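*Asks:* The annotation [4Fe-4S] cluster 1 binding site is assigned in Swiss-Prot to CYS68, CYS73, CYS79, SER308 on the grounds of sequence analysis. Here Swiss-Prot flags 80-297 as domain 'Radical SAM core'. Residues or ranges marked as [4Fe-4S] cluster 2 binding site in Swiss-Prot: CYS94, CYS98, CYS101.
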Amino acid sequence: MNRPERLQPGVKLRDADKVSRIPVKIVPSERETMLRKPDWLRVKLPASNQRILEIKQALRSNGLHSVCEEASCPNLAECFNHGTATFMILGAICTRRCPFCDVAHGRPLKPDADEPVKLAQTIRDMKLKYVVITSVDRDDLRDGGAQHFADCIREIRKLNPEIKIEILVPDFRGRIDAALDILSTEPPDVFNHNLETAPMHYRKARPGANYQWSLDLLKRFKERHPNVPTKSGLMMGLGETNEEIAQVLRDLREHKVEMLTLGQYLQPSKFHLPVERYVSPAEFDELKVLADELGFTHAACGPLVRSSYHADLQAQGKEVK
């Protein structure tokens, strides 16, 4: 039996190379079998792309990454044109192979020790008032990257004392207590960790993750920081039912999560998990009603909603869909 070829540091694996060794194999989609995208998912491009180019240049010149680009987010043009971006720290190579996600897999490079300062300077130069900081999974690091998150929060606040910071963290697999100890030194204004889908779909969609671990991470952070809102996001269209999603919402509330994002899964390439259904705006509205009834303080539910989509407005309690 041939051993898998050893990954070279810094080499990005995408598409078929990325998903070749996941537990549930994916048959590449054929155009004829792919569901037709409904009109409500067609994104209008802004009239001017000048602001988009400016933000991309600011990221490039400082060696920074945005999840907007790395994950091929459909809202990139809208968010960049409004001067907002979700920064992705700890590099652009993930140690996981989630087949719904377009971020590259591989063996990451050592974290950039200068990234926290560069990030803080870029945010100051962009005059941002609210930022979302996320990262790839870093199972290669003993703390899962928690110290780097704390360093970034500290440096951002040094240069931007009035800013609000939301962090969208990985699951810190096997390191929850150590990670939360570190994050307690520099707690964010919003703590976000995405469950992504219902538990019965984890094996195919989130290999290496565990539904209960993720719920425990959210609850244990909340126990340490009762005044910091906790938040989670889900995708629809991976084979789940509306009732399965409703149960996830109940689980989130039982674990003291207050903010919710719920959006439509879109297939990044033919090598990723196929879209099994397009959920109508009316169904998202029904789930929004349920979320409100369950006691979520903020619930953004709609086809194009993503976990950091208009995160500043979500945090202010304004309706986003």
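Each position is counted from 1, following the chain as shown.
In case you wondered, yes, glycine gets a Cβ from its N, Cα and C as well.
It should be emphasised that the depicted structure is a prediction, and the values quoted were computed from it without experimental measurement.
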*Asks:* Averaged over the whole of the domain 'Radical SAM core' (80-297), what is the pLDDT?
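*Replies:* Mean pLDDT for the domain 'Radical SAM core' (80-297): 95.
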*Asks:* Taking 8 Å from the centroid of the Cβ atoms of CYS94, CYS98, CYS101 as the cut-off, which other residues in that chain fall inside it around the [4Fe-4S] cluster 2 site?
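*Replies:* Counting only non-site residues, the set is ARG96, ARG97, PRO99, PHE100, ASP102, VAL103, HIS105, VAL136, ASP137.
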*Asks:* Where CYS94 ([4Fe-4S] cluster 2 binding site) and SER308 ([4Fe-4S] cluster 1 binding site) are concerned, what is their Cα separation in Å, rounded?
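*Replies:* Answer for this pair: 19 Å between alpha carbons.
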*Asks:* Can you tell me how many other Cβ atoms are located within 10 Å of the Cβ belonging to CYS94 ([4Fe-4S] cluster 2 binding site)?
*Replies:* 25
*Asks:* Under 8 Å between C-beta atoms and at least six apart in sequence, can you list the same-chain neighbours of CYS98 ([4Fe-4S] cluster 2 binding site), or say none if there are none?
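*Replies:* Non-local contacts for CYS98 ([4Fe-4S] cluster 2 binding site): GLU196, ALA205, ARG206, PRO207, GLY208, ALA209.
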*Asks:* Distance between CYS101 ([4Fe-4S] cluster 2 binding site) and SER308 ([4Fe-4S] cluster 1 binding site) at the Cα atoms, whole Å?
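*Replies:* A Cα-Cα distance of 15 Å.
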